[in-house]
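Going by TrEMBL, these are the annotated features:
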| type | residues | note |
| --- | --- | --- |
| DOMAIN | 45-478 | domain 'Major facilitator superfamily (MFS) profile' |
| REGION | 1-29 | region 'Disordered' |
| TRANSMEM | 41-69 | transmembrane segment |
| TRANSMEM | 81-98 | transmembrane segment |
| TRANSMEM | 110-129 | transmembrane segment |
| TRANSMEM | 136-157 | transmembrane segment |
| TRANSMEM | 169-190 | transmembrane segment |
| TRANSMEM | 202-221 | transmembrane segment |
| TRANSMEM | 327-349 | transmembrane segment |
| TRANSMEM | 356-376 | transmembrane segment |
| TRANSMEM | 388-412 | transmembrane segment |
| TRANSMEM | 452-474 | transmembrane segment |
Amino acid sequence: MGVQENGKSGTKKYRRMDHDSIEEEGDDLQQQLRTDNTRKYVLASAIFASFNSVLLGYDVGVMSGAILFIQEDLQISEVQVEVLVGILSIISLFGSLAGGKTSDAIGRKWTMAFAAIIFQTGAAIMALAPSFGVLMVGRLLAGIGIGFGVMIAPVYICEISPAVARGSLTSFPEIFINLGILLGYISNYAFSGLPAHINWRVMLAVGILPSVFIALALFVIPESPRWLVMKNRIDDARLVLLKITEIESEVEERLAEIQLAAGNANAEKYEEKAVWREMLNPSPGVRRMLITGCGIQCFQQITGIDATVYYSPTIFKDAGIESNTELLAATVAVGFTKTIFILIAIFLIDRLGRKPLLYVSTIGMTICLFSLGFTLSVSGNGPLGIRLAILSVCGNVAFFSVGIGPVCWVLTSEIFPLRLRAQASAIGAVGSRVSSGVVAMSFLSITRAITVGGTFFVFAAISALSVAFVYTCVPETKGKSLEEIEQLFQVERQWEGGEMELGDVEHLVQKQ
């Protein structure tokens, strides 16, 4: 109608609309480009931050085979084998305890670098060790380095990730642990043909190589914006948020939320109350967080995953496999299974949620552990028994990797408030490392007392208890911001096995 009454006016009008449409398309294209770049940057940071986890995984995987040749070369006893294998997890608790304070002092990024340096020093000493005593010195240093690395990577990734992808990204350290285990198994198989006094040294020395990638990571990843805010480096935090936030207009809003969570808005509230004092005398909400975080970490290990991985050659030997080469080949199959299923977990953790995966994982592990115990106790050492044992071990590591393995680290890095996050995550990591060490150091002794099959019946019973723990103590945190999750634990009814809608959490935040 406008064109008929005034052609020129109408023409100008439609030209102006076309121009606006082009501008809008340009804005959309620019925003899409920014979104893609931001996602790539956050993904790269998460990957580089996870390289330390390769060290832990490689050590776990390679030691399962190397210990066969170390025992032959250095003539060490079975008790010394248990100590050598398990001491890494026990000693790593000191690294985890120190890691929380260190990361609050020097930053998340440089704590990861410090962890790598300590581990690589230990690995070099182990590879050159002429005796059991020197080997133990290197093992102790490697354990401290792993303790630092295992607690800081999930915390760092959690703090740079958007809520919608936080579960997947925070699972990356678990992926790299599994990758390291697989590489360790492959290294065992590849170098097993060398002389016994050389092959285990080469196996351990290969673990030094990831340091190259860790050094490169320091030039790529930014410091955590939440740590920068804690140190009142607000401008630096803003620059990091500009790189990791998809919508530029939301940067100031996120910065304000982090400042509030860090206590900058009301610093006097936490000024007189030290972090450790608060955790030793926690409020009901913090107590629930500690029970959930430390409990899930302990259940992750006391269900026997490290015993299954460290001593898989022993398990398969008990099932009837005799050749060292065949034993190591079977462990490679376990490593591939573990790695494949952790990749599946990454795609599911932010789609299905944390709690459904935990249910599938703990129930599946219970069945597989019982099956393994039954197989080793009843079926004998024939071909059928060997196949069932391999299937049960692979099933156990598959269910572990698709659920409690990665979800454990996701939960412990996201449920604690910022002022407590590093230290509380360190406590959780200590629980994990102590549990792992106790299991690894006692496995051979327990199997002598109640047989290998009987030991796995015990693990099955503990795994059944973990199902009840998940139902009772683990809330769903999928899709919620870190600040909203903090409020989630303030409601006892929702913490005890219930679910809370996002709107309910937002209502709590507004009330606060």
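Using the three backbone atoms N, Cα and C, a Cβ is placed for every residue, glycine included.
Just so you know, TrEMBL annotations are computer predictions that nobody has curated.
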If I take every residue in the domain 'Major facilitator superfamily (MFS) profile' (45-478) and average their pLDDT values, what number comes out?
83
Between the transmembrane segment (202-221) and the stretches 41-69, 110-129, 136-157, 327-349, work out which stretch tops the count of Cβ pairs under 8 Å.
41-69
Apart from its near flanks, which chain residues at least 6 from the ends of the transmembrane segment (136-157) lie with a Cβ under 8 angstroms of it?
45-46, 49-50, 52-53, 55-56, 59, 83-84, 87-100, 102-103, 108-109, 111-112, 114-127, 129, 169-170, 172-173, 221, 224, 409-410, 412-413, 421-422, 425-426, 428-429, 432-433
Hey, does the transmembrane segment (356-376) touch the transmembrane segment (41-69), meaning at least 3 C-beta pairs closer than 8 angstroms, sequence gap 6 or more?
no
With Cβ-Cβ distances below 8 Å as the criterion, list the same-chain residues six or more beyond the ends of the transmembrane segment (452-474) that contact it, or say none.
288, 291-292, 295-296, 299, 302-304, 307, 314-315, 318, 354-355, 358-359, 362-363, 365-366, 369-370, 372-378, 404, 411, 443, 446, 495-497
In contact by Cβ distance (the transmembrane segment (169-190), the transmembrane segment (388-412); 3 or more pairs under 8 Å):
yes
Which residues of the same chain, at least 6 past either end of the transmembrane segment (169-190), have a Cβ under 8 Å from a Cβ in it?
42-43, 46-47, 49-66, 150, 153-154, 157-158, 161, 203, 206-207, 309, 325, 328-329, 331-332, 334-336, 338-339, 342-343, 345-346, 349, 401, 405-407, 409-410, 413-414
